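Structure record follows, encoded as structure tokens.
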Amino acid sequence: MVGRVALVSLGVLLLEHCSTVTLTRYTQQRADVTRASPTVAVLLTELLKMCFSVGLELTSLFGIGSASSPRKLHAAVCLRQWDTMRLAVPSLLYTLQNNLIFVALAHLEVVTFQVLYQAKLLITAVLSVIFLGHRLTAMQWAALLMLTIGVVAVELSNSEEVPQAKRSRRNVQQDTFTLGVGTVSAFAAALLSSTAGIYFEVIVKAKELDAPSLWTRNVQLGLFSIPLAFGGVLVAGPASWDPNVLLQGFDWVVILLVLLNASGGLVVASVIKYGDNILKNFTTASSVVFGTLLSVVLFGFRPKLQFAWGATLVAVAAFVYATNGRASPADADEAHEEQDTLVAGEHCAHAAETESSMRIADSV
């Protein structure tokens, strides 16, 4: 059963991701505009998430903050080194995932990559059953399969058609080894993305004495994600360290995208803690559909018939999954935990699938 905090978090995530999808489409349609550096955008996103997390940990902010003290935050982050080090794992997994995405895109057509990468929807469900004890009905497995097919159809309907001549030339150049490297990289990226999400879910749902708040967990995560993001900037080799050069191309649209991804990362962790990764995947899939529909109104985008039946599959899958579930022991424990949390007045919404990193890289 999904609790109130999870429902609110899912709603906010849907709104955030819809806005991101719409703004991303707008940036892709702009011509003769200086492109912002994706690696700098990722670094700014991680820095913002750290600022937001520290602020929410130290204040009450409309009842969603922890209202802790700098001393307690320091103790949780710096004096419990082993606990903090556990958050290095998802940061490293997401970094490796992003590198594998670049490898896959270098060896595959974008459309092929999009299809293969959606395997993460089913991989996440399998890992949830293995490591979190989730129990899914046969109808829910069928809904997940429908969701995967629907998302692939929607993604393909948004892709540019590759000219036949260009496609033929590229196919001639690609050999079996090249396609194999791209395929393995795409599946490996999907596996790492799912594994990082499940790993983080295990940590934030663990029943521990004096467990850190969700905001503290995000601070711990940021201690590793910020240096990794900075490393990405170094590897990219900026032309100059002059702020005017580094921030070239950061107009109001890109800045808004950075803000959305930073805040969205916080909401994602709230969904993972009070819901789960599968619900997160359903929400982000639905947001792609709604974001495309907004593009029809705002930018005159003309969806194909493929989008229509893909969106229908996503909607049907969401309905089937929601109406054919059964409570597992883990779900019951989470419901009791959430009730205790609400009574105590601790409302949370938190932190970060550095998958936002990939979304920024695609958008800018």
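Yeah, the Cβs are placed from backbone N, Cα and C, and that goes for glycine too.
Automatic, uncurated: that is what TrEMBL annotation is.
So that you can see what the record holds, here are the features copied from TrEMBL:
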{"type": "TRANSMEM", "residues": "114-132", "note": "transmembrane segment"}
{"type": "TRANSMEM", "residues": "139-157", "note": "transmembrane segment"}
{"type": "TRANSMEM", "residues": "177-200", "note": "transmembrane segment"}
{"type": "TRANSMEM", "residues": "221-240", "note": "transmembrane segment"}
{"type": "TRANSMEM", "residues": "252-272", "note": "transmembrane segment"}
{"type": "TRANSMEM", "residues": "284-301", "note": "transmembrane segment"}
{"type": "TRANSMEM", "residues": "307-324", "note": "transmembrane segment"}
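The transmembrane segment (177-200) shares the most Cβ pairs under 8 Å with 114-132, out of the stretches 114-132, 139-157, 307-324. Under the criterion of 3 or more C-beta pairs below 8 Å, with sequence separation of 6 or more, the transmembrane segment (139-157) and the transmembrane segment (252-272) do not qualify as touching, having fewer than 3 such pairs. Within its own chain, the transmembrane segment (307-324) has Cβ neighbours under 8 Å at 137, 139-140, 142-144, 146-147, 149-154, 156-158, 278, 282, 285-286, 289, 292-293, counting only residues six or more beyond its boundaries. With a threshold of 8 Å between CB atoms, the same-chain residues lying at least 6 positions outside the transmembrane segment (114-132) that come near it are 101, 104, 108, 141, 144-145, 147-148, 151-152, 155-156, 159, 183, 186-187, 189-191, 193-195, 197-198, 201-202, 205, 276-278, 281, 285, 330. Counting same-chain residues at least six beyond the ends of the transmembrane segment (221-240), those with a Cβ under 8 angstroms from any Cβ of the stretch are 37, 39-40, 42-43, 45-47, 49-50, 53, 77, 84, 87-88, 90-92, 94-95, 200, 246, 351-352, 354, 357.
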